[in-house]
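S.K.: The domain 'G-protein coupled receptors family 1 profile' feature in TrEMBL is assigned to 1-98. The transmembrane segment feature in TrEMBL is assigned to 37-58, 79-96.
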Amino acid sequence: LVSLFMSDLMVGLVVMPPAMLNQLYGRWVLRDDFCSLWYSFDVMCCSASILNLCIISLDRYLLIISPLKYKLRMTSCRALWLILATWTLAALASFLPI
């Protein structure tokens, strides 16, 4: 849940202010090289948010189908690995095309 919070917070703090400027002025008013970086952060944060929701759904699913084996399957190390994989995949999908 903290990872989902961080991705949504980054959308609110990093992605939305330039988007609001873009909407208000009707054009890109910041430096041109910042535009591609902003798009990458937009894609990364939104992808991380979606992937975090998928991981949370998977976690809840595993808890429901086998509650007795859940603690053995979902260790803190495995949860950390899933969070790192989520952010790595989101970063690769957004910054690699640049």
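Backbone N, Cα and C define each Cβ position, glycine as well.
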S.K.: Go ahead and report the DSSP secondary structure tallies for the domain 'G-protein coupled receptors family 1 profile' (1-98): helix first, then strand, then coil.
M.R.: 82 helix, 0 strand, 16 coil
S.K.: Averaging the per-residue pLDDT over the domain 'G-protein coupled receptors family 1 profile' (1-98), what integer do you get?
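M.R.: A mean pLDDT of 90 is what the model gives the domain 'G-protein coupled receptors family 1 profile' (1-98).
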